[in-house]
Amino acid sequence: MLKYAFRRILGMIPMLFLISIVVFTLAKLMPGDSFSGEIDPTKTNPQYIAEMREKLGYNDPLPQQYFRWIGKFVEGDFGKSTRYKIKVSEVISEKLPNTLLLGFSSIIITYILAFFMGLYSGRKPYTVADNLIGGLNYLGLSIPSFIAGVFAIFLFSFTLGWFPSNGSIDIGMTEGTFEYWLSRLHHVFLPAVVLGLLSTASYTQFLRNDIIENSRKDFVRTARAKGTTEKKIYNVHILRNSIIPLITFLGFDLVAIISGAIITETIFTYPGLGQLFLQSVGTRDYPVLMTLTMLFSFLTLIGNLLADILYGVVDPRIRLD
Amino acid sequence: MEILTEKDTNISAAPPKKSSSQWAIARKKFLKNKLALTSLIFLIFVAIISFLAPYITTADVTRINIGEMSLEPSSQHWLGTDKAGRDVFTRLLYGGRISLLVGMSCTLFVILLGTLIGAVAGYFGGTVDSLLMRFTDFILNFPFLVFVIVLNAILFGKVNGLWVLIGVISLLSWGGIARIVRSKILAEKENEYIIAAVSIGCSPAKIIVKHLLPNVLSTIIVQATITFASMIVIESALSFLGFGVPQEIPSWGNMLDSAIEPDVLQFKLWIWMPPAILITITILSINFIGEGLKDAFNPKSRR
């Protein structure tokens, strides 16, 4: 098991190397460079621009540029954002906590909702409430996250006024106070629910079907025959068996959150990495764009790796070799 | 055969009944599934009115009409007009045309590419298999949305926007299908009839196309419906973000992008509500069709 995990982690290195080549090539293929976006050619001496291009190494052969970039990248020097004029690492670390909060809240809300809905549906299948939950699940699986977001803002922010529709914090909050964190949670709740909608639906569905399947197994019959209370059978015997396979979804959740964050953060104008990414595409902020793409790819790799390893942990019959 | 049975009517009561084929059983089961059937009819209806859009409405989709900006629904404009004075109902029909076209083309390319790579990898095995599957892993490990956005930003304006979008989406999303087809082919090729086909000298291409693919076709069809739904979601999400179908072409996603303005979202429901609802119902009905097909092809399910 450990050996397998270790080998998979080593196997990530060539993958990251290949992805870095793709990212670099794509960034070079994008129209214009940071000069064409930021400098007004009528005001600046064209000779100066040409000089600066030469000085910054934009005219060097591509492989040389690549190795210079990747060399610095590995050392943790991601370059300087051409838009914010500060280090990329600073730009990213400023937005990272917001996205982390969004991701974590989304996973936690997903777990809580799916746990209760799945447990109820599994215990009382084919009842009215189960069908209702099933219908909601279908909707959750079918409605695209950006439409869910738009509807959520319309309903909960504008019509009912329960949650704020944008931003990550109220203006004029002092950092560290209780109100500050409350305000942040208040802001993150709606985007987090929308972000976790798809996984909530699939978790619930899975839990329900697994509980129904387990309740027909021999060990449940034995437990009933022994006189174990129905409550204990469901909450202890069946739940233990049904809840474990759920952790295999964690890896996929990580992958889904990355793509989901781009969409959700845009709708809720939530200042996180996804929004930063779209901005950097729009403003041709290549250092930020390349770093974020590498970061997202890295997280996707981790997510897929996690999913594979967790499968092995949960089901020892899956041989990992 | 029939003449024979007619002659024998006085001896045996009924001729031996020919059992129906896999496809006939599936068709019968599917037709009994009311939800799936209703969904299919709805989808066909949406597709037909979308593709007949030029004959149904006479309003100009592209012309910006400043005099008729953000009008509420009325007898003249059934669903009102958007912020540029364009008729929402007309744009909804034309938008459906683009969204369904993008969805279908992407699905077609994804299925073709995924089946080809999966079938070749599964049938030949060995080095070919590991090479192709490493490549598939490589594609699957890309954060899909991120790369589609970056690729679209690069190619935008150089080639006709719509086909760039279809190409980019298709090239990045065949990985899942390839994996599924491969695993199905791997299991299927162990059967004796494949060994028989090999021993009488069938070429690999013929074995894959004539013997293996028909047996994994049901899986591919079910996957195709799921892919179709997700492709419509992807197209509309990308267009919503401004990285999909070019702005001047109406699509369901493009129609929704004004919903990001609080004023439109709060007070001008007729601009964003119709495409939002239509996308959701379309996806829902495709999912129901997919479930119905899955059920119909599943020999264990009895309905």
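Using the three backbone atoms N, Cα and C, a Cβ is placed for every residue, glycine included.
Features reported for this protein in TrEMBL:
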{"type": "DOMAIN", "residues": "A:96-307", "note": "domain 'ABC transmembrane type-1'"}
{"type": "TRANSMEM", "residues": "A:9-27", "note": "transmembrane segment"}
{"type": "TRANSMEM", "residues": "A:100-120", "note": "transmembrane segment"}
{"type": "TRANSMEM", "residues": "A:141-163", "note": "transmembrane segment"}
{"type": "TRANSMEM", "residues": "A:188-207", "note": "transmembrane segment"}
{"type": "TRANSMEM", "residues": "A:243-268", "note": "transmembrane segment"}
{"type": "TRANSMEM", "residues": "A:288-314", "note": "transmembrane segment"}
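Contact between the transmembrane segment (A:100-120) and the transmembrane segment (A:243-268) is supported: at least 3 Cβ pairs lie under 8 Å, counting only residues 6 or more apart in sequence. Sequence-distant neighbours of the transmembrane segment (A:188-207) (same chain, 6+ residues past either end, Cβ-Cβ under 8 Å): 101-103, 105-107, 109-111, 113-115, 117-119, 121-122, 133, 136-141, 143, 145, 148-149, 152-153, 156-157, 163-164, 168, 242-243, 245-246, 249, 252-253, 256-257, 260-261, 264-265, 267-268, 270. Contact between the transmembrane segment (A:243-268) and the transmembrane segment (A:288-314) is supported: at least 3 Cβ pairs lie under 8 Å, counting only residues 6 or more apart in sequence.
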